[in-house]
Amino acid sequence: FPPAVFPLSCVVQNYSWGKVGLESEVAKLVASGDPLVQIQPDQPYAELWMGTHPRGDALIRDNRIPQKTLGQWISDNTACLGAKVKDAFQGQLPFLFKVLSVNTALSVQAHPNKELAAKLHAQFPEHYPDANHKPEMAIALTPFEGMCGFRPVEEIVSFLQNVPELRALIGEVAAEQLERSGSDDPRGVSAALRVCFTRLMKSEKKFFVDQLNMLVRRISQEAAEGKDTSGSNGDLLLRLHSQYPGDIGCFTIYFLNLVRLEPGEAMFLGANEPHAYLHGDCVEIMACSDNTVRAGLTPKFIDVLTLCEMLNYTPAPSSSKIFPAAQSQLDPNVYLYDPPVPDFTIMRIEIPASIKLYLISAMDSASILLVIQGTAVGTSTAAASEMSLHRGSVLFISANESISLHLSSPDSRACCLL
């Protein structure tokens with residue numbers, strides 16, 4: 001039998017927003033995963049891609065396997081996905097697993113649902129490269145900050161009253177409509193919110209740049225005088241403006257929740273949920289798609305009309321955006337992040353120092369294992385030989401295969417995808 005469990009060498013993306021050199025968790029994982037890799041101290045290491053996406057198909061590190069990449073191997077061995085996944089996802093690995101190291105903000109964006117993705121792909125294939133939806137989930141590895149979903153209306157109204165530059169862009173009529181919308185009429189609230197956000201995003205360039213410059217000057221001056229600028233979300237505004245001067249995305253901080261995740265905490269981003277990652281390191285899992293509708297904090301193509309049309313305008317507090325992990329009832333060392341989509345689940349496995357032998361159980365679908373810390377020797381009836389595992393190791397595990405870990409150091413922690 002050919003090996004069905006094997007190590008991978010994964011593709012790094014050097015996007016400009018990534019953390020630089022060994023400040024990046026991506027770089028640290030890559031360096032410890034492969035001692036031959038030279039980390040460039042001035043190069044950004046933004047994303048590590050673990051999967052079969054054509055822009056980053058993982059290489060197989062096992063010279064007994066004739067196929068060079070995971071994508072080629074899976075297409076020749078589709079049974080490895082497990083019967084259910086193979087049928088449901090047409091013989092393709094349904095997810096892309098990543099590590100992200102974010103230094104400067106990523107664009108304000110949302111991902112389309114399947115229906116809209118198919119339409120956008122048919123109309124504008126150069127901007128929307130596939131017809132799939134792209135739900136995603138981020139789990140913090142270090143303290144992580146992002147914006148996600150619309151704030152409760154009272155917070156937005158408070159900013160409209162404290163930030164005259166914001167009110168000027170939205171206009172008095174729309175601002176008053178939001179102020180008058182009552183919590184007893186959620187559809188009215190969503191409609192008013194849609195009008196306000198769309199007016200902001202469609203403001204005339206010269207007008208919003210002038211208002212943004214006025215706002216930045218005012219907040220810088222207040223901060224210099226030692227005043228509290230939190231009523232205008234001053235710290236975040238100055239930070240984003242220094243990263244993307246003159247960008248309309250700077251104003252989205254008054255509409256979107258600021259979500260702070262501690263290591264191990266997660267946020268799930270369903271279709272049409274506006275979001276932007278701001279800073280920190282996380283693992284991210286998504287449906288295998290590259291469809292992103294952007295509208296600010298980016299030099300890339302922006303599609304304001306599509307974004308404003310598609311968004312979910314339901315306000316909710318930032319605490320509601322944190323997605324809980326459930327401790328497995330079968331194994332207390334496993335924490336499950338199981339979002340309401342069929343494309344993926346994440347397991348976080350934390351093995352205490354007292355355990356010297358641990359079995360990673362077989363599942364009815366293929367998975368990818370990433371070792372975050374610790375060392376172990378892995379054995380499997382489906383592997384060609386023993387596998388030495390340490391921080392940064394990545395393994396592909398076919399469906400219905402298990403691995404025994406012989407642990408040599410305290411806490412090996414793995415994120416493993418079903």
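Every residue gets a Cβ built from N, Cα and C, even glycine.
Unlike curated entries, TrEMBL annotations are predicted automatically.
Residues annotated as domain 'Phosphomannose isomerase type I catalytic' in TrEMBL: 5-153. Per TrEMBL, Zn(2+) binding site is recorded for Gln109, His111, Glu136, His275. If you look up TrEMBL, you'll see 169-256 marked as domain 'Phosphomannose isomerase type I helical insertion'. The feature active site is assigned by TrEMBL to Arg294. Taken from TrEMBL, the feature domain 'Phosphomannose isomerase type I C-terminal' applies to 336-376.
Looking just at the domain 'Phosphomannose isomerase type I C-terminal' (336-376), the mean pLDDT is 91.
Beyond the domain 'Phosphomannose isomerase type I C-terminal' (336-376), the same-chain residues lying 6 or more positions past its ends with a Cβ under 8 Å from any Cβ of the stretch are 8, 29, 50-51, 74, 80-85, 88-89, 93-95, 97, 99, 135, 137, 139, 141, 264, 266, 268, 270, 283, 285-288, 323, 325-328, 330, 388-418.
Neighbour counts of Cβ atoms within 10 Å were taken for the binding-site residues His111, His275; the minimum is at His275. Taking the mean position of the Cβ atoms of Gln109, His111, Glu136, His275 as the Zn(2+) site, the remaining residues of that chain whose Cβ falls within 8 Å of it are Ala110, Lys134, Leu269, Glu273, Pro274, Thr292. DSSP states for the domain 'Phosphomannose isomerase type I catalytic' (5-153), grouped as helix (H, G, I), strand (E, B) and coil, give 40 helix, 43 strand, 66 coil.
Between the alpha carbons (Cα) of His275 (Zn(2+) binding site) and the residue listed as 'active site' lies a span of roughly 10 Å. Across the structure, Glu136 (Zn(2+) binding site) and the residue listed as 'active site' are spaced 16 Å apart at their Cα atoms.
Per-class residue totals from DSSP over the domain 'Phosphomannose isomerase type I C-terminal' (336-376), listed helix then strand then coil: 0 helix, 20 strand, 21 coil.
The distance from the Cα of His111 (Zn(2+) binding site) to the Cα of the residue listed as 'active site' comes to 9 Å.
For the pair the residue listed as 'active site' and Gln109 (Zn(2+) binding site), the C-alpha distance works out to 4 angstrom.
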